[in-house]
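These features come from Swiss-Prot:
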{"type": "DOMAIN", "residues": "92-161", "note": "domain 'BTB'"}
{"type": "DOMAIN", "residues": "196-297", "note": "domain 'BACK'"}
{"type": "REPEAT", "residues": "341-389", "note": "repeat 'Kelch 1'"}
{"type": "REPEAT", "residues": "390-441", "note": "repeat 'Kelch 2'"}
{"type": "REPEAT", "residues": "442-488", "note": "repeat 'Kelch 3'"}
{"type": "REPEAT", "residues": "490-535", "note": "repeat 'Kelch 4'"}
{"type": "REPEAT", "residues": "537-587", "note": "repeat 'Kelch 5'"}
{"type": "REPEAT", "residues": "588-636", "note": "repeat 'Kelch 6'"}
Amino acid sequence: MPLKWKTSSPAIWKFPVPVLKTSRSTPLSPAYISLVEEEDQHMKLSLGGSEMGLSSHLQSSKAGPTRIFTSNTHSSVVLQGFDQLRLEGLLCDVTLMPGDTDDAFPVHRVMMASASDYFKAMFTGGMKEQDLMCIKLHGVSKVGLRKIIDFIYTAKLSLNMDNLQDTLEAASFLQILPVLDFCKVFLISGVTLDNCVEVGRIANTYNLTEVDKYVNSFVLKNFPALLSTGEFLKLPFERLAFVLSSNSLKHCTELELFKATCRWLRLEEPRMDFAAKLMKNIRFPLMTPQELINYVQTVDFMRTDNTCVNLLLEASNYQMMPYMQPVMQSDRTAIRSDTTHLVTLGGVLRQQLVVSKELRMYDEKAHEWKSLAPMDAPRYQHGIAVIGNFLYVVGGQSNYDTKGKTAVDTVFRFDPRYNKWMQVASLNEKRTFFHLSALKGYLYAVGGRNAAGELPTVECYNPRTNEWTYVAKMSEPHYGHAGTVYGGVMYISGGITHDTFQKELMCFDPDTDKWIQKAPMTTVRGLHCMCTVGERLYVIGGNHFRGTSDYDDVLSCEYYSPILDQWTPIAAMLRGQSDVGVAVFENKIYVVGGYSWNNRCMVEIVQKYDPDKDEWHKVFDLPESLGGIRACTLTVFPPEETTPSPSRESPLSAP
């Protein structure tokens, strides 16, 4: 069927060939020629004060100075000359005939061979056509052949939907790559809701990869609008399966996708063979139990097809075990989002020392912070960790207290798929100023302090049972320490023990339930941060006791090699930050907020460290100064503004 296009005017595509400004027969009078000196021994040639499109370059040789002249109009003159010879039937040495008619197109072999590898091989490779005066091109239509010949002789191509497919066929057959590129641009520039399916068909037929990718992107972006048109039902199975499996599909619920897929399947009986394959891409575990019972289980093939029955059982089991969901993740339980962001949580505000309960994500494209669902209660000095893209918030404090006397034991879990929080089992001990790591599907809360004092104990949370249990404790109580994981074990560095800053590094192996001492840091520090990039464990910032009655920022940073058991210094921070949030995003380390002891205030700064370049940069700020804040990366649904509906008409206009 013909594509619907907004304009019937053809698009005219041109190669950048200079336009001839002077007659070829016009004699050049020396009186009107002048050379204008330029830099680097270049000159422009002018005629009567007007630039002629000529340039020259001075070279030295044994024969003396040699000036090389270049005409910027020569190629245009030659091309126009050949085209005029063709139109007048002069010096043509071969006639081309399309496969669908007996029309004849006299051309010059040298022109065709210079523009096409196909013709070059035909006329120079010893093929039988090399000596023929008339050649029939089966597989090339009259319209397509005319377009190709016109382009070769003029560098211009006129395209519209009536001649597009003929032109594509000819360009593909004759290997005229510039024409193929123009056809791709023409198709991409004119995709609409009404023709996207047909454009996709053309892209697949002629193996136009760029066009096919663009159609996929267009359909994904506009799928909700496409569902309301008849074009949706014309989608081929492969493209529909791609869309349903994509994390980039937005603004559609799983129930809407299920109903739409059922419509597509029932349009034609043979399509029912695709039912199981398509239903594997519907995320049934993300539907509500009511939706599954009322709308899914009532569909006949969902009860009779073995694959579909198992999909329903999977969804039912998943929903029956909410605490286990982080360790039951699969493609069908994952959030439909393709954007991972830097996320911050809690902290104490610089003004009034009020504790925050805000959960925010940084939008890299918009260069701004956006709010997600806040916690039920404020938190700072808490621990956060991610399992299966679920964010756990553990312990901390709801009120500002530097001694940790108001530590809490409550634990909450954030589900970015629904932008909601739920409470899970509490810690066995209240703790703040501690470290929390996610390791092998478990959470480990290490040390800290509370109203009873400093803690050496370590607790492990099992999402499968929703319980916290004690594991091997540290040899000494620690608070204000930092930690990270690498190679299936957890590393804890620095911190404070009995009011003394430490530089030791300890390693906990959950398989043996033992702590092992490793090479100490080169600098004592506490309230610092730690993270893993590749095979390096980075220790950043923090503070230490000055020796009198005050503290200093630690600007120096270093990394630990578990393989070598040694530390290496790296570039120092630009500004001191203690009690911060830290996250690794796209192999860069982001240090967020915190407290600067040298400036005696909470800070809003976010600094980024590039391990490859060993460089620090200030990248952006928090909305407010926050100490005791925490950070991580999370795949979320960004809060989005309303986007305009896609056009049903082509935006194409002829240039």
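We count from 1, first residue shown onward.
Just so it is clear, glycine is given a Cβ too, placed from its N, Cα and C backbone atoms.
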Stretch with greatest number of CB pairs under 8 Å, the repeat 'Kelch 1' (341-389) reference, 490-535, 537-587, 588-636 candidates: 588-636
Average model confidence [pLDDT] within the repeat 'Kelch 4' (490-535): 97
Residue counts (helix, strand, coil, in that order) that DSSP gives for the repeat 'Kelch 1' (341-389): 0 helix, 23 strand, 26 coil
DSSP residue counts for the repeat 'Kelch 4' (490-535), split into helix, strand and coil: 0 helix, 24 strand, 22 coil
The domain 'BTB' (92-161), counted residue by residue under DSSP: helix, strand, coil: 32 helix, 16 strand, 22 coil
